[in-house]
Amino acid sequence: MGFRLITQLKGMSVFLVLFPTLLLVMLTGAQRACPKNCRCDGKIVYCESHAFADIPENISGGSQGLSLRFNSIQKLKSNQFAGLNQLIWLYLDHNYISSVDEDAFQGIRRLKELILSSNKITYLHNKTFHPVPNLRNLDLSYNKLQTLQSEQFKGLRKLIILHLRSNSLKTVPIRVFQDCRNLDFLDLGYNRLRSLSRNAFAGLLKLKELHLEHNQFSKINFAHFPRLFNLRSIYLQWNRIRSVSQGLTWTWSSLHTLDLSGNDIQAIEPGTFKCLPNLQKLNLDSNKLTNVSQETVNAWISLISITLSGNMWECSRSICPLFYWLKNFKGNKESTMICAGPKHIQGEKVSDAVETYNICSDVQVVNTERSHLAPQTPQKPPFIPKPTIFKPDAVPATLEAVSPSPGFQIPGTDHEYEHVSFHKIIAGSVALFLSVAMILLVIYVSWKRYPASMKQLQQHSLMKRRRKKARESERQMNSPLQEYYVDYKPTNSETMDISVNGSGPCTYTISGSRECEIPHHVKPLPYYSYDQPVIGYCQAHQPLHINKAYEAVSIEQDDSPSLELGRDHSFIATIARSAAPAIYLERITN
């Protein structure tokens, strides 16, 4: 019993070791399986530019992307891709596909992107795309499709982008796009469409961009685009459109771009653009327009860009409404509008001709909708004037056409500017208050947190002021008008004369180098007495006046020691200017 159990356990252990290894080898082999002449990158298979006439074999069932571009495939058979149920995108462009079986795409329900452009497809069955309801992007451009079936796109509720460009389509069936509720982009350009049924685009509630250029339309009525509430751009250039009318009972407020260039438009019906209040970009170049009515330019209230070159402008009084509108227009515009008539001004610029020949000098043209102000706020809904908000001296909206447009102003603009200025003043005051409060807070915190530092700063500033005052006082004391110095340095011979005769010459050097002689006795201190100041000051650096003669005193009255002959003596006398002048003599014996 135990032996059997051990044997079974050994067998199970061998199985547990070998099974994962075998599974890993199988998975690795499956991942490495790649068709001949193809390149595999994980779950993406590239079989491009190898002249494949059919779908290659041995493509892994777990592939999520398959590119068969630039090959020689001529036909898509039934269940051609049934084994590729994980496929997310499939590229079949630039082949020679002329027929597609209605069950060709069975089994690839997860497919989100299908590219069939640049082939030779002339017909598609009504149910061709029903097996792929998760499509987001479908490209059928550059084929030879002549018609679309009524249920061609039924069930494609997740479709976002649809390319039908450059085919041979002549009509668009009624409600053919009914189920394409999320369609954002539709390209029908470069076909042979001559007319549109009223409900051709019914159901495209989220459509934002529509291309209809290079077709064969002869007239356009905006009523053919019912309830396209989100459409922002429509391209109708290079058709054969001769007239444009509106016929809408609703306002098409979402449309921002309208391209009508390269057509045969000779005139625009009055009121055509009234249903497009938010139109920002309008292309009317390369048509046959001779003039634009006043009612038409009045409806261009939100334009920020316009092209008008290449038309047959008649430079007469009928051009004046457009001329004045362009003169006040602040957006992007062309300056190459050329006169086609009258004969004598053919080839001249419209603006130059009007000003040179005074064509509009006696014509009063107005703009009731203020289109020249629209570029300042292109994204906002247009301002519709109401008589109730006008100033007392303003005219009603219905009679606005009486006054010229250059002087027109929006009511309430001054008040808006006043509010803006008031807000700026408040903001500036608040900013100033916060700045001062911040400075005071920093000072207070510094004073509280570092009191010693604040005291040192105060002491430093006080010492600085004291030093400054001391320097000023010293500068005043050292002025040349404050003190005078008189030096006396007798020579040896003069000393002998003084000793023998009792008198002799002496030299007083005062600023200005003035000299005088005074009698000098051997004992100088007792000999000086005066009733009035000895020195009289007239002006600064004036000659020194001696007011008192020197009188000798008897030897008996002198108790001071006498000078000895034969010795060198020097006397220095200093005279200082003070309230009571006095003369001091200091004797120095060398």
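Including glycine, each Cβ sits where the backbone N, Cα and C put it.
For 31-61, the entry in Swiss-Prot reads domain 'LRRNT'. The domain 'LRRCT' annotation in Swiss-Prot covers 311-362. Positions annotated as N-linked glycosylation site by Swiss-Prot, on the basis of sequence analysis: N58, N126, N291. What Swiss-Prot records for 62-83 is repeat 'LRR 1'. Here Swiss-Prot flags 86-107 as repeat 'LRR 2'. Taken from Swiss-Prot, the feature repeat 'LRR 3' covers 110-131. The repeat 'LRR 4' annotation in Swiss-Prot covers 134-155. Annotation comment: Swiss-Prot describes 158-179 as repeat 'LRR 5'. Annotated repeat 'LRR 6' per Swiss-Prot: 182-203, in sequence order. Annotation source Swiss-Prot lists repeat 'LRR 7' at 206-226. The repeat 'LRR 8' annotation in Swiss-Prot covers 230-251. Per Swiss-Prot, the feature repeat 'LRR 9' maps to 254-275. Summarising the annotation, Swiss-Prot assigns repeat 'LRR 10' to 278-299.
The structure, with features from Swiss-Prot marked on it.
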residue	record	CB count, 10 Å
N58	N-linked glycosylation site	10
N126	N-linked glycosylation site	13
N291	N-linked glycosylation site	21
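For the repeat 'LRR 3' (110-131), residue counts in helix, strand and coil come to 0 helix, 3 strand, 19 coil, using DSSP.
Listed as Cβ neighbours of the repeat 'LRR 7' (206-226) (distance under 8 Å, sequence separation of 6 or more from its ends, same chain) are residues 165, 181-200, 232-248, 252, 259-260, 272, 275-276. Across the fold, the C-alpha of N58 (N-linked glycosylation site) and the C-alpha of N126 (N-linked glycosylation site) stand 31 Å from each other.
Counting same-chain residues at least six beyond the ends of the repeat 'LRR 6' (182-203), those with a Cβ under 8 angstroms from any Cβ of the stretch are 141, 157-176, 209-218, 223-228, 235. Remote same-chain residues near the repeat 'LRR 5' (158-179) are listed as 117, 133-152, 185-197, 199-204, 211 (criterion: CB distance under 8 Å, separation of at least six residues from the stretch ends). Same-chain neighbours of the repeat 'LRR 4' (134-155): 93, 109-128, 161-180, 187, counting only residues six or more beyond its ends whose CB sits under 8 Å from a CB of the stretch.
N291 (N-linked glycosylation site) and N126 (N-linked glycosylation site) are 48 Å apart (CA-CA, integer value). For the repeat 'LRR 7' (206-226), residue counts in helix, strand and coil come to 3 helix, 6 strand, 12 coil, using DSSP. Here the domain 'LRRNT' (31-61) is broken down by DSSP into helix, strand and coil counts: 2 helix, 6 strand, 23 coil.
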